Amino acid sequence: MYKCALVLAAGQGKRIKSDLPKVLHKVCGKEMLKHVIDSIRKSGIDDIDVIIGKGAELVKERTLDRNVSYSMQAEQLGTGHAVKCAEEFLKDKKGVVAIFTGDTPLIKQSTIERLFNEHIEAKNSATILTAIVNDPTGYGRIVRTNDGVSKIVEHKDCTEEELKINEMNSGIYCFDIELLVDALNKITNNNGQGEYYLTDAIGILKSQGKKIGAVVTEYEETIGVNSRVQLAEAEEILKNRINLMHMENGVTLIDPRTTYIGIDVEIGKDTIIYPNNILEGNTKIGNNCLIYQNSRIVDSNIGNEVDVQASVILNSNIGDNTTVGPFAYIRPETTIGKHARIGDFVEIKKSTIGDGTKVSHLTYIGDAEVGSECNFGCGTVVVNYDGKNKHKTIIGDHSFIGCNTNLVSPVTIHDNTYIAAGSTITSEVKEGDLAVARAKQRNISGWVDKKGLKK
């Protein structure tokens, strides 16, 4: 059977008080709308239409990589009106459509699959995703009879008996497409808000004798984010889910409460993550790594048996058995080889560092290609910027760079070379050479006495 999905993402989001469209606020590093789209896609639904309104162009721009179509809701006149704006998408389609809201980032793939399966197997005309809550105040109640769902009653319209019902409407549904399109044409805005409610379609189908079903899920999956407080609540719930998944997969989190792991991060088994770490984007961390406290790793590939201590790594690759930090800054487009050592207060930008190379402390390397088994003394600076352009430095294998050295780019240091401490290198150093580029030491005898400085 053909299955498709609509995602309502046109709302103003006034309570979140932001210039950014509400559905583009992030939860665990990913926009809420993308969370919803990705869960739908993982459930096997490829045909997805997003109803957009506020910030439409930005919403399109941020979701271009999700291969969805768009329908425009120029005026926000209710959920029924939003779905009606997707009539062109639904035109001539037969099968089942699920309707979601773009501000429910916690919905699970398995729940979506269950919703579709129940709808199809029970031969329902409409199926509502519901949840049981201790305090359903403000939510629409699900009224059931022996033959399924009888109606959805808004909180303000509930009788005393209906107020006791703790099964609430999540705002997520499945419909037979043709029946939905017909019901949408019969919905009116004859209510206190002057809006077209999608819930009225349920009542219309029920009045026609159609079968309405419901699938119950956990309340947290149905949470809609309408404020910064709810955004933080969703963040906490998803963070806990992610951390639990990694621990179940063989990763040790010393303190899950203070460990932030983005939803797309991958971590190998027997890796230990210490407190106060932030792992974001498409980061991949290998097996048997130690990520000590206060590190931030974004969109980077970390090999096996790597130690990272209190460092920032951005869009870079770190080879197996390498140590980084403490207090290292690995900037984008950097690749560090295996068995390397990047020490304290080292900054590396857009450079390649070979296997076994040691850059132990207080060094800047930018726009450089560094070979294997090199050693950088304390205070080395690759001078890559002339005030207008960046230039490249090449350093061969087995080179030794003495302390307090400046390498003025563009410059090439060949294999097996030594650079004397305190040198400023501005020209090529041939293989096997020692380069000394500093003023000759001169001692002035008796100078302290002559100046009257002796203590």
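Backbone N, Cα and C atoms are what each Cβ position is placed from, and that goes for glycine too.
Noted in Swiss-Prot for the protein shown:
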- His361: active site, proton acceptor (ACT_SITE)
- 8-11, Lys22, Gln73, 78-79, Gly140, Glu154, Asn169, Asn226, Arg331, Lys349, Tyr364, Asn375: UDP-N-acetyl-alpha-D-glucosamine binding site (BINDING)
- Asp103, Asn226: Mg(2+) binding site (BINDING)
- Asn384, Tyr385, Ala421, Arg438: acetyl-CoA binding site (BINDING)
- 1-228: region 'Pyrophosphorylase' (REGION)
- 229-249: region 'Linker' (REGION)
- 250-455: region 'N-acetyltransferase' (REGION)
Worksheet, complete the sentence: Here the Cα-Cα span from Ala10 (UDP-N-acetyl-alpha-D-glucosamine binding site) to Ala421 (acetyl-CoA binding site), rounded to a whole number of angstrom, reaches 63
Discussion item. Do any residues, 6 or more residues outside the region 'Linker' (229-249), come within under 8 Å Cβ-to-Cβ of it, and if so which ones?
Written reply: 16, 25, 27-28, 32, 105-106, 220, 223, 256, 259-263, 265, 267, 269, 273
Item to complete: Ten-angstrom check, please: count other Cβ atoms within 10 Å of the Cβ of Lys22 (UDP-N-acetyl-alpha-D-glucosamine binding site), all chains counted.
Response: 25
Worksheet entry | Chain-internal residues, separated by at least six, CB under 8 A from Tyr385 (acetyl-CoA binding site) | Gly366, His391
Discussion item. Between all pairs in Asn384, Tyr385, Ala421, Arg438 (listed as acetyl-CoA binders), what's the biggest Cα distance, rounded to the nearest Å?
Written reply: 22
Worksheet item: Which residue, of the recorded positions Arg331, His361, Arg438, has its CB surrounded by the fewest other CB atoms within 10 A?
Response: Arg438
Discussion item. As a quick check of your reading of DSSP, tell me how many residues in the region 'Linker' (229-249) are helical, how many are strand and how many are coil.
Written reply: 20 helix, 0 strand, 1 coil
Worksheet item: List, in sequence order, the same-chain residues at least six positions removed whose CB sits under 8 Å from that of Ala421 (acetyl-CoA binding site)?
Response: Gly377, Gly402, Cys403, Asn404, Thr405
Worksheet item: If you count Cβ atoms within 10 Å of the Cβ of Ala10 (UDP-N-acetyl-alpha-D-glucosamine binding site), leaving out that atom itself, what do you get?
Response: 28
Discussion item. Counting other Cβ atoms within 10 Å of each residue's Cβ, which of the binding-site residues Gly78, Gly140 comes out lowest?
Written reply: Gly78
Worksheet item: Do you see any of the binding-site residues Gly78, Asp103, Asn226, Tyr364 whose C-alpha is within 10 Å of Arg438 (acetyl-CoA binding site), and which ones?
Response: none
